[in-house]
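Visitor: Mind looking over this structure? Questions follow.
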Amino acid sequence: MSTGHGRGRLSNLTPQEVVGGLLLAGIGILVLDLVRLVVTGELPLGRLWSYTWNGIVDSLYIGLAAIGLSMTYSILRFANFSHGDLVTTGAFSGWTVAYLIGGLGVADLSSRLLLRADGGAQPGSVGMDVLSAPIAILVGLVISAIVTILVALAIDRLVYRRLRDAGGIPLLIASVGVALALRYLIAFVYTTDTRIVVASPPQPELPAAIQSVVPMETINLHEATLVISALALIIGVHLLLQYTKLGKSMRAMSDNKDLALITGIPTERVIFATWVIGSGLAGVAGYLIVLDRGQITINLGWFLLLLIFAAVILGGIGSIYGALAGSLVIGLTINLSLVWIPADLNEIAAFTLMILVLIFKPDGLFSGVETA
Amino acid sequence: MSDASETIDELRAKVTDNDLPQWATDLLLIAAFVAATFAGFAIVGLLTGVGLNETVGFMRLVTFFAAVYALVVLALNLHWGYTGLFNIGVAGFMAVGVYTMAILTASPDGSPAGLGLPIPIGVIGGMLASGLVGLVVSLPALRVRADYFAIVTLGFSEIIRLALLSGSLRSVEVGGTEYGTGGGSGISYTPVDSVIPWLLDVPGIGFVGDQFFAIGEMAGIQSSIIQSGLYTGVLIAFVVLFYLFLTRIAYSPFGRVLKAIREDELAARSLGKNTDRMKITVFVVGCMLMGLAGILWMGSQSRVNPDSFMPIVTFYIFVALIVGGSGSNTGSIVGAFAFAAFLWQGPRFIRSIVRANVDVRSPQTVYDAFLELASGDPLPMLGYVIGTLDELRFVLVGVVLIVLMIWKPDGLLGHRKELAAATDISRRPTATDGGETDE
């Protein structure tokens, strides 16, 4: 859209370059100010570390969801607004199973089946933390992925398959419809109440060896579970896409669907794999967010969706490493910005950054790195 | 929805078989659709024992929502239907208009305080502010590709809502007075519908108004209901103004370029049209109309808070536009009415019908409802469904959106999309001898 500007003009600076320069200068000033704050002791190192750590935790669950969104965006070629509600689906289905198993014999079936919709089955009394009910929570994690995959495949068959050739905007609009229907079907069963479903996390002291490296004395085991599960999944997806034929087919398809068809790539099977990987990761992300935050609500994924989009767009659509890098930028932005601005403005900082980067580099920071 | 679609088809067949001008047939079409719907609701309501008062109240709500939705949908139709700009930040632009109006007109003694200016200045100020924000948004947004444009506008709308919600802007002290947005609790101001008593003092209009009040008194309707009815009348007048204004734009040379941008921007540009400037202009005009629509909608309450501008509001407006068919102003109004009557208030009407006929109690959870259903009593399940109807209504909206996208992406009146070309080249009969007659 900016073809009217640029090369060969008298002025060498395009508006993009001006915005990009200002953006870099702004980031430079903030980094210098950060150094000044730390040196003068206005910002204790411990607080800076806790912001950074929270940023990494946030970026990991945003990243899990962003991989799926980026994959569907590049292979099915539409902005999937129902992706956030796949995150919600994973959260509700996974925790329901965790309660069914973990609360066996402790709480009555109806409170466990409906995730405390009637207020029964206190998380503390059921023992909903990773030390008291490790098996229940692990099974819940697996089930959250499986149920979300099944739901996504059913939606694809019912809705998106009929619209394969419809173009980006009709698919986007249909995905808004899917998002609404899915979210409020969940609300029909589980009610719209926000509730606590996870007990307070165990916080054991870290071994002295680790304490000397990072400025943390205790570790929140739920956050640690989130970080380890997310990293394991990300590495798994990396290996899968880098070293199998599936990854190659996906790269081919996101590059040119017709050419991929001619070459004999089974495009429907690639789309199937895309949904399995993308929605599975989204479901796990939802499950882990609840493990970290402790509370569950039907708007969980919907409120997260714009941040996920911001991460995908920052990284450049079509590149899962871009999506991960974008998630890191977004996660660090919403936490490190707390050094300068109040907490209720941090998402504004993330969205502003997204918009500025879009002007500066309309194809995202990592466009050109086509890695499926 | 298919019923509504068939009804419209029949109506169209009836009203297009004459020599009336386009706008008159369209007016007839809308009026017939509204009348048929209301007659249907009245008959169903009276037969099922809902009662006259509740049915009339229902129709009043439908008319109000249809009018306010029609205003925003018409404005959005200028963006999406005519120009092809996929703006999903409508709620944000409405918020700017309403908040500016609120701050300009709120009482100087209030908390947070306002400037205490008269309402017309507040309305104009709100429109200008929406337009200004639209200009700021359009500069970066129009540089990126179409699907990014959608996300950028959504991002801006969330930035606006979060800023209004934030504690930092809650109250700002200027010269000893606390101004600001009031954060989550919002800001209170003089409602826009206080123009009604003022209008009633104008000699000509006042006389007509008195007749309404006299008739109302005879029928036993309270004067406050008549007043709000009169405000709905003002809204309908604005819908007509919007319609005339947008139709005027659509048939102007400027409007033809807009449609050309929608169909093929590169072609329009290569014909020497400055599409960038036209997109910015049309974006700003649409945003001003959205601001005005927001003021007329939310302004009739006396308090506004950021929760009224969640992104979901934008999607309701899109649903209404798509139901009616984007690209047609008449379709926009029909869509807004169909949305208000069938998707928005319709499920509540069904709830009234059920409550008037069956004594239902709602069990606490769906689990209890299923238990009772299994033991052979379907009433608790019905009660649960009725109790959660507000949630199920969203499911209905979602399903309608999906069904429309799969089977009828043009909406009810989408086939009337106005094309950029004076003649429709794509529908030229193929039976002619190769179009050689041109030579």
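Here, residue 1 is simply the first one shown, and the rest follow in order.
Every residue, even glycine, has its Cβ placed from backbone N, Cα and C.
All annotation found in TrEMBL is predicted automatically rather than curated by experts.
Annotated transmembrane segment per TrEMBL: A:21-39, A:59-79, A:86-107, A:135-155, A:167-190, A:224-241, A:270-290, A:296-314, in sequence order.
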Visitor: What residues elsewhere in the chain lie close to the transmembrane segment (A:21-39), defined as a C-beta under 8 angstroms and at least 6 residues from its ends?
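Guide: That would be 45, 48, 336, 339-340, 356-357, 360.
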Visitor: Other than its close neighbours in sequence, what residues sit by the transmembrane segment (A:86-107), given a CB gap under 8 Å and a spacing of at least six beyond its ends?
Guide: 65, 68, 113-116, 120-121, 125-128, 132-133, 135-137, 139-141, 143-145, 147-148, 151-152, 182-183, 186, 190, 197-198, 279, 282-287, 289-290, 296, 298-302, 304
Visitor: For the transmembrane segment (A:224-241), what are the same-chain contacts with Cβ under 8 Å, counting residues 6+ beyond its ends?
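Guide: Residues 56-57, 60-61, 63-64, 67, 130, 137, 141, 247, 250, 277, 281, 284-285, 288, 291-292, 320, 324, 371-372 contact the transmembrane segment (A:224-241) from elsewhere in the chain.
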Visitor: Are there residues at least six beyond either end of the transmembrane segment (A:270-290) with Cβ under 8 Å to its Cβ atoms? List them, or say none.
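Guide: Residues 61-62, 64-65, 67-69, 71-72, 75-76, 83, 86-95, 140-141, 144-149, 151-153, 156, 197-198, 225-226, 229-230, 233, 237, 240, 246, 249-250, 253, 260, 296, 300-301, 304.
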Visitor: Does the transmembrane segment (A:135-155) come close to the transmembrane segment (A:296-314), meaning at least 3 CB pairs under 8 Å for residues 6 or more apart?
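Guide: No, the transmembrane segment (A:296-314) and the transmembrane segment (A:135-155) are not in contact.
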Visitor: In the same chain, who gets a Cβ under 8 Å from the transmembrane segment (A:59-79) while lying at least 6 residues past its ends?
Guide: 86-87, 160, 164, 168, 171-172, 175, 226-227, 230-231, 233-234, 237, 250, 253-254, 257, 270-271, 274-275, 277-282, 284-286, 288-289, 292, 301, 304, 307-309, 311-312, 315, 317-320, 322-324, 326-332, 372
